[in-house]
Every structure is written in structure tokens, then in C-alpha cells.
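Worksheet for the structure shown next.
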Amino acid sequence: MGILTIFIKAPAKINLTLDVLNKRNDGYHEVEMIMTTIDLSDRIGLSEMSGNEIRIISQNRFVPDDQRNLAYQAARILKEKFNVKQGVSITIDKAIPVAAGLAGGSSDAAATLRGLNKLWNLGLTLDELAEIGAEIGSDVSFCVYGGTAMAKGRGEKITYLPAPPNCWVILAKPSIGVSTADVYRNLDLSKVNHPDSNAMIAALQNGSYSTVCNCIGNVLESVTLSMHPEVQHIKEQMERFGADAVLMSGSGPTVFGLVQYDSRLQRIYNGLRGFCDQVYAVRMLGERFSE
Ligand code: ATP
């Protein structure tokens, strides 16, 4: 009998809003984030292995191949909780830029949870997988469901929302890595503009593209911009080339723009390619994963 391998899609996310309410006594920040998955995905291959080993294989030199990898942690936690006596080889075919504010590692972990649930016949619901995901990282619960949702708490309390109106998302990632921890360390909550999460929820419920564009906001943006002027430059250029709304995702440095018309998309894409290596034009993936 051959070795069974299954392939799972691990999509990136963008933040339509990111708000930080306060710092909690346990050291985590209380957040409110409205996120949506986009059609830029890593491909995770899961192959059965005899023995107990969890093996990570990736061609990308920025992806750790040991217990630091969030997909490794996802496999380990399932093995321990459900006493699984099999090994697994996890191949990560990376398309999502690393340390970019697009939750690539969290999405790999979430896809590994969904995939191993099948490979190992664990019979867990998405709710149960999302709860396990919260032990791995703050964005993993959201990535288990995908689609569009509000995440509260430290990111693990998920409320499903309608998908945003149809549009293109242009992503531009400058060739710097941003440490999320550094950004949070430099965040002064008395000096930032908080996005209006309720207005964004209403815009999604009404399906209003223009209101979605008006309501996007990220409390971490000004912090990262002050640390990395190249991010500011990309924002300005994306606005100048005609995006309807422009925002940094997560703690950055990726900047995304929203646009509805193909002709405008092409102009922005070509303009950005002139000075930025990593530019992508993708659709949103508003629908969440099914059980
Ligand atoms: P977030 O938006 O959730 O803060 P991010 O998109 O900014 O995440 P990631 O791409 O998840 O960042 O990578 C952050 C760090 O996590 C990397 O520098 C890497 O060392 C580590 N890491 C662990 N697992 C993975 C993985 N599967 N893919 C990429 N990076 C990973």
C-alpha cells in the first residue's frame, strides 16, 4: 500500500480593522480585529509516517523546520491530546510572504489542524479545532474557520461576518521583516486613532463597498510607519495610483489596497512593480471552511 498524502490550502488573511483595547494582566493585548481570508495560499502536504516523528519540509529558508514552526506545534498538540501513535511529514509549499502581517504561520497551523483531523480520523468540529488552535497562537482560531470574522479577546473569540463586497486586493510587501513584538512594545494607546469596528460590521452587513473602504483602520499602522518609512512610501504610492482604500495588514509590513475596476487594478499593479518586488493581486475568500 502507498503512503497516504493529503493537501490542504492555507490562505493568508488581511485585517480590515485592527484595534487594541488594552494590555491585560497576563501580558496579552485585548484586541478587536475584523479579518478576511484572501486567495493567496500556502499548500500544506500531510503524509503518514511510521514512528512518532513530526517532520517539517519547506524550500523557504525563512520557515523553521523544527518545533518553532507553528504547523509542527499543531501536529504535536493533536498527537499529545489524542494519543496518536503515528508520525507525520508536513510539506509547506510557501506562497504567503513570511513575517508579513498576513498570518502565514498561523494559517499553516490551522490547515495542519484541519488536515490531521481528517488524516487521523479524529472527528473534531471546527469549533473544537479553533479552541485547540488558540493554544498555538492568537490568529490560529480565525484561520481554522477562514472567511470573514470579528476576532476578540486575544484573537480567539470569533464571530462570523458576511463577506466583503466583491473587489480586488493588491498586496505590496517591502523587503523588510517586522517583529510583531517590537510593534506592540512601541504602541502607545493614548496616541493612536482607533478604528470603528461597529461601523465596519454594519458596512459588511449592508454590503456597502464604499463604507467598507471608509471604515478600514489599523491601530498598529502608525507605529510600524514610524519604524519603517518604506511602508509609508508604499502606502502613498498605492493611493496615488488610485486604490480606493489603503491599509497596512496586521503588524505589517504588507500594505494592501482595495479596488473594483480591472483597468485601475492593472495601473496600480504595474506602478508598484516598478519599485517593490513582492506585489500580488488577489480576490478575497469571504466564505469560511466547511466542517
Ligand atoms: P501574524 O500576522 O500572525 O503576526 P506574520 O504573517 O506577521 O504573522 P508569519 O509569516 O506567521 O508572520 O511568520 C512569523 C515568524 O513565525 C517567522 O519569522 C517564522 O520564524 C515563524 N514561523 C513559524 N512557523 C511558520 C510557518 N509555518 N511559516 C512561516 N513562518 C513561521
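Cβ atoms are placed via backbone N, Cα and C, with glycine included.
Curation does not apply to TrEMBL; its annotations are automatic.
What TrEMBL records for this protein:
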ACT_SITE  LYS13  active site
ACT_SITE  ASP139  active site
BINDING   PRO97, VAL98, ALA99, ALA100, GLY101, LEU102, ALA103, GLY104, GLY105, SER106, SER107  ATP binding site
DOMAIN    69-147  domain 'GHMP kinase N-terminal'
DOMAIN    200-276  domain 'GHMP kinase C-terminal'
Which of PRO97, GLY101, the listed binding-site residues, has fewest other Cβ atoms within 10 Å: PRO97
CB contacts for ALA99 (ATP binding site) [other CB atoms within 10 A, all chains]: 19
CB within-chain contacts under 8 A for GLY105 (ATP binding site), separation at least 6: ASN69, LEU70, ALA71, VAL98, GLY137
Filtered recorded positions, from LYS13, PRO97, GLY105, SER107, whose Cβ is under 6 Å from an atom of ligand 1: GLY105
Shell list (ATP; ref centroid = CB of PRO97, VAL98, ALA99, ALA100, GLY101, LEU102, ALA103, GLY104, GLY105, SER106, SER107; cutoff 8 A): ALA12, ILE96, GLY250
Averaged pLDDT score, the domain 'GHMP kinase C-terminal' (200-276): 96
Nearest-integer angstrom distance between the alpha carbons (Cα) of ALA103 (ATP binding site) and LYS13 (active site): 6
Cα-proximity to LYS13 (active site), 10 Å cut-off, over binding-site residues PRO97, ALA99, GLY101, SER107: GLY101, SER107
Other CB atoms within 10 A, centred on ASP139 (active site): 28
ASP139 (active site) versus GLY101 (ATP binding site) - Cα distance in angstrom: 11
LYS13 (active site): tally of other CB atoms within 10 A of its CB: 30
